[in-house]
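In what follows, a structure is listed as structure tokens, so that the remarks can point back to it.
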Amino acid sequence: MKIAVYGKGGIGKSTTSCNISVALARRGQKVLQIGCDPKHDSTFTLTGFLIPTIIDTLQSKDYHYEDIWPEDVIHKGYGGVDCVEAGGPPAGAGCGGYVVGETVKLLKELNAFYEYDIILFDVLGDVVCGGFAAPLNYADYCVIITDNGFDALFAANRITASIREKARTHPLRLAGLVGNRTSRRDLINKYVEACPMPVIEVLPIIEDIRVSRVKGKTLFEMVGSEPSLNYVCNYYLGIADQILSQPEGIVPKEIPDRELFSLLSDLYLNPIGGGGQKKKIQENFLGFTRI
């Protein structure tokens, strides 16, 4: 099974992806996580350091695939999760989609691409071109990470459009949304009501998740010295269980941008509940309008 994880930049995709990968490994799966971001920090939480990228390795070998061994590009992370970083072209040049293609090509050359039960692609930020949507060409499912804010839901809606487009040519499905760092879910609920899709899980604001990223450790590793974090791990195990159930998934239909703006701004102007909720919604809205 191949899973592509998308979402707005800075939403916590990589931290979420790493914890999901470990959760899947805990369920007995052989897992490979592929970071698809020029920052090449997707797997930092699994390995504790920035591993060499596929592109760096190819360049050092003058693109002679026959001179590259699996151990040159596949690094062992926490919990037995194997890690690969695709890397990216130089800033302002090249195409991220080409890099993803080269990564998959090399893994196939090494007979590694089909050796895993789960391959998880952790993909950079918003989908702005076909190149960044390239991992969807290989995925069975897409998971979108969001929060309860305007920006993240607009990005989710754009990703939804990419899923629909890619699903025309192969059996790609949206498994659902994962809410991250979310104290409320009113905007999420409003969005999925208008654009029906599953909500796999909604994680509350948990400071230890942010701290885990800084430490370069997954929550599963941290729980060894902090047993009180077990409850956080259960969120990720629940997500893993839903993925392993091979959900039917959907081919979503995105909402036109202006309609989405109207939909979410209506909730801002006509909040349900007291002044505290209205203030929180206003903060989300103003954060969007400043962009």
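Every residue gets a Cβ built from N, Cα and C, even glycine.
According to Swiss-Prot, the feature ATP binding site maps to G10, I11, G12, K13, S14, T15, K39, N180, R181, an assignment based on sequence analysis. Note: K39 (ATP binding site) has non-local neighbours G88, L124, i.e. same-chain residues 6+ apart with C-beta under 8 A of its own C-beta. K39 (ATP binding site) falls outside any helix or strand according to DSSP and counts as coil.
Residue environment of S14 (ATP binding site) contains 25 other Cβ atoms, counted within 10 Å of its Cβ in all protein chains. Following the DSSP three-state reduction, the secondary structure of S14 (ATP binding site) is helix. Annotation comment: Swiss-Prot describes S14 as Mg(2+) binding site.
For the recorded site, C95 ([4Fe-4S] cluster binding site), the DSSP three-state label reads coil. Within 10 Å of the C-beta of C95 ([4Fe-4S] cluster binding site) there are 15 other C-beta atoms, taking all protein chains into account. Under the heading [4Fe-4S] cluster binding site, Swiss-Prot lists C95, C129, citing sequence analysis as support.
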## Note on the structure
Under a three-state DSSP reduction, the secondary structure at R181 (ATP binding site) is coil
### Query
Looking at Cβ-Cβ distances, which residues of the chain lie under 8 angstroms from R181 (ATP binding site) while being 6 or more apart from it?
I11, G12, D147, L203, P204, I205, I206, I209, R210
### Message
Using a 10 Å cut-off on Cβ-Cβ distances across all protein chains shown, tell me which of the binding-site residues (G10, G12) has the largest neighbour count.
### Response
G12
